[in-house]
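Annotated features in TrEMBL:
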type	residues	note
ACT_SITE	B:H37	active site, proton donor
BINDING	B:30-37, B:148-151, B:A177, B:185-188	ATP binding site
BINDING	B:Q61	beta-alanine binding site
BINDING	B:Q61, B:Q154	(R)-pantoate binding site
Protein chains: 2
Amino acid sequence: MKTETTIQGLSASLSPARAAKKLIGFVPTMGNLHEGHLNLVREARKLCDVVVVSIFVNPIQFGPNEDFDNYPRTLDQDSKLLAEVGCDIVFAPSVEQMYGKKPRLTNISVGEITNDLCGLQRPGHFDGVAVVVTKLFNIVQPNYAFFGQKDYQQLAVIRQFVQDLNIPLEVIGVPIARAADGLALSSRNGYLSEEQRQTAPVIFQTLKQAEQQLQQKTSLDEVLVNIKAALTQAGLVVDYVEARTPELQKTSEFNQDLVLFVAAKLGKTRLIDNLQVKFTA
Amino acid sequence: MKTETTIQGLSASLSPARAAKKLIGFVPTMGNLHEGHLNLVREARKLCDVVVVSIFVNPIQFGPNEDFDNYPRTLDQDSKLLAEVGCDIVFAPSVEQMYGKKPRLTNISVGEITNDLCGLQRPGHFDGVAVVVTKLFNIVQPNYAFFGQKDYQQLAVIRQFVQDLNIPLEVIGVPIARAADGLALSSRNGYLSEEQRQTAPVIFQTLKQAEQQLQQKTSLDEVLVNIKAALTQAGLVVDYVEARTPELQKTSEFNQDLVLFVAAKLGKTRLIDNLQVKFTA
C-alpha cells in the first residue's frame with residue numbers, strides 16, 4: 001500500500017492503472033476509521049482493480065462552533081487498518097495541498113435537500129462537502145465512489161450533484177455497519193461514556209420498532225411521535241425525527257418506500273441513524 | 001466531421017481517441033459562429049489531436065428579460081464553417097439532453113469576481129455559465145479548453161472554478177478577433193444597423209487611445225473619464241468603463257498590468273470589449 005500526500009504524487013501513482021484502463025474505486029473519508037469505513041473499502045475491493053482511500057479532515061464542512069480542531073487524526077492506525085482490507089493507495093493531503101494559498105472563490109450548493117435534517121443545524125455544511133468531494137473526484141477520477149448510507153443525506157446530496165453536473169463516475173451507497181447491539185458505527189461513538197454507550201443502541205431499537213408499527217398500519221405521524229417519546233425517555237435530546245422518500249422528499253403517509261431519520265444528542269455527542277422501510281401494499 | 005446530439009453518442013465517438021491517449025481540445029460555443037469562434041477552433045487544431053466544438057444555447061445563463069428565445073440558431077451554417085477549419089466533432093445537444101427531466105438542484109457560484117462588470121447587470125448569469133461549462137467539461141473530458149478573451153470576465157470565472165475545483169484540464173485564453181476597423185467580433189454585431197456598425201469601432205479606437213494616454217502617464221481616473229466621454233459623444237450609452245488587474249481585482253493606479261473594460265449600448269445592442277495594457281515602469 002502506498003501513501004500519497006500530494007495531488008501530483010497521487011496522479012503519478014494512478015497513471016499506470018489509468019493507462020491500463022483498470023477500474024478505480026474511491027472511498028473518501030475523514031480518517032479515524034472504523035468497521036463502517038472498512039466495509040466501504042471491502043465493497044470497493046470487490047468491484048474495482050485499484051482502491052484509493054482519501055483521509056482528509058475538510059475544514060470547510062465544519063461550522064464555527066464545530067469540532068474541526070479536535071476531530072481525531074489517527075493516520076498511522078488508519079493506515080494499518082486500510083492495508084489489512086486491501087487498500088492500494090492512501091491519499092492524505094494537507095489543507096494547503098487541497099485548498100492552495102490563493103483564496104477559493106467557488107462554491108457548490110445543492111438546493112432543497114440540504115435545507116433540512118442535518119442541513120438545518122449546520123448551514124454551509126453540505127456546500128463544504130460538495131466542494132471537497134467534487135475536488136477529490138477531479139483529483140482521483142475514479143470509476144466508482146463509495147459512501148455509507150449512515151450519512152444518508154450526504155449520500156443523496158452527492159448523488160444529486162454528480163447527476164446535475166454529469167460527473168463521470170458511479171456513486172455506490174453501502175448499507176450501515178452496526179455494532180452487535182445495533183448501534184450504527186461512527187467516529188463519534190468514541191466520545192460516549194460507558195454508560196452512554198449502553199444507552200445508544202436505543203436509537204436503532206426504536207427505529208426497528210417503528211418499522212414494525214408502520215408495517216402493522218400505525219399512521220406515520222403516530223410512529224414519529226412514538227420514536228421521539230422513546231428516545232426522550234431513554235435520556236436523549238432529540239434534534240429531529242423525520243420521514244422522507246428515498247430521494248429526500250417530504251411525505252406524510254406510508255404509501256411508498258421511505259427512510260426514517262433520527263438525530264439526537266446523548267450528553268454532548270450528536271448521533272444520527274436512519275432506517276429504510278419498504279412499503280408493501 | 002461528425003455531429004453528435006447525445007451525451008452517449010459523443011462518448012462513443014470520443015472513446016477511441018481517449019483510449020489512444022490522444023489530446024482532446026474543446027471549444028464550447030452557443031453557435032451563430034463568427035471568425036472569433038473559428039479562431040478558437042484553429043488554436044485547438046494546432047494544439048490537439050481531436051477537436052470537439054459544442055453548440056448549445058444554454059437557457060440558465062439568460063436572465064428573464066434576455067434574448068434566449070431569439071438567440072440565433074444557425075446549426076447548418078455553423079457546421080459548414082466548423083468543417084472548413086478542421087473541427088472533428090460537433091456536439092449539439094438539446095436542452096433536455098443537457099438538463100434531463102428531473103429538476104436540477106445544484107448550483108455553482110464564483111464569488112467576488114462575478115459581482116461587478118457584466119455580473120452586476122446580469123444576476124445569476126455567471127452561475128449559469130459555471131454550471132453548463134462544468135457539465136460540458138465532465139461530458140467531453142478534454143485536455144484543453146479554449147475561450148475567447150473577448151468575454152474576459154467569463155474567462156477569468158472559468159479559470160477560477162477550474163482551479164478551485166481541480167478540474168483536470170488546461171484553460172487557454174485566445175486573443176480577441178477583430179474586424180479590419182477594430183470592432184471586436186460578436187454574434188451581437190449582427191443586430192447593428194448599417195449606421196450603428198459604422199459607429200461601433202469607436203469602442204476599440206477609444207481603448208487604444210486610452211492605452212496611449214496611460215503610457216504617457218495620464219492618471220487612470222482621468223483616462224477612464226476620457227473613455228466614457230468619447231463613447232457618449234459617439235452616441236453610445238455607457239454601461240461601465242472599468243480598470244481591473246488581469247485577475248479582475250480592482251485597482252485605481254496604473255502601476256501594474258491591467259485590463260480596460262467597456263460595456264455600452266448602441267441602440268438596443270449591448271457591446272463589450274476590453275484591452276490588456278502592459279505597465280512598463
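Quick reminder: no glycine exception, Cβ is built from N, Cα and C everywhere.
Note that TrEMBL annotation is computational and uncurated.
In this structure, of the binding-site residues B:Q61, B:Q154, B:S187, the smallest number of CB atoms within 10 A of the CB marks B:S187. Ranking the binding-site residues B:L33, B:G36, B:Q149 by the number of CB atoms within 10 A of their own CB puts B:L33 at the top. Nearest by CA distance to B:Q61 (beta-alanine binding site), out of the binding-site residues B:L33, B:G36, B:Q149, B:Q154, is B:Q154. For B:H37 (active site, proton donor), applying a Cβ distance below 8 Å and a minimum sequence separation of six or more within one chain yields B:V27, B:T29, B:V53, B:G148. Counting in whole angstrom, B:G36 (ATP binding site) lies 15 from B:Q154 ((R)-pantoate binding site) by their C-alpha atoms. Taking B:M30, B:L33, B:A177, B:S187 as the binding-site residues under consideration, the smallest Cα distance to B:Q154 ((R)-pantoate binding site) is found for B:M30. Counting only residues at least six positions away in the same chain, the Cβ atoms of B:H34, B:E35, B:G36, B:N39, B:G148, B:K150, B:A184, B:L185 sit under 8 Å from the Cβ of B:A177 (ATP binding site). According to its DSSP assignment, the residue listed as 'beta-alanine binding site' is helical. DSSP classifies B:A177 (ATP binding site) as coil under the three-state reduction. Annotation for B:M30 (ATP binding site): same-chain Cβ neighbours under 8 Å, separated by at least 6 residues, are B:I55, B:F56, B:V57, B:N58, B:Y71, B:S187. DSSP gives B:M30 (ATP binding site) a coil state; it is part of no helix or strand.
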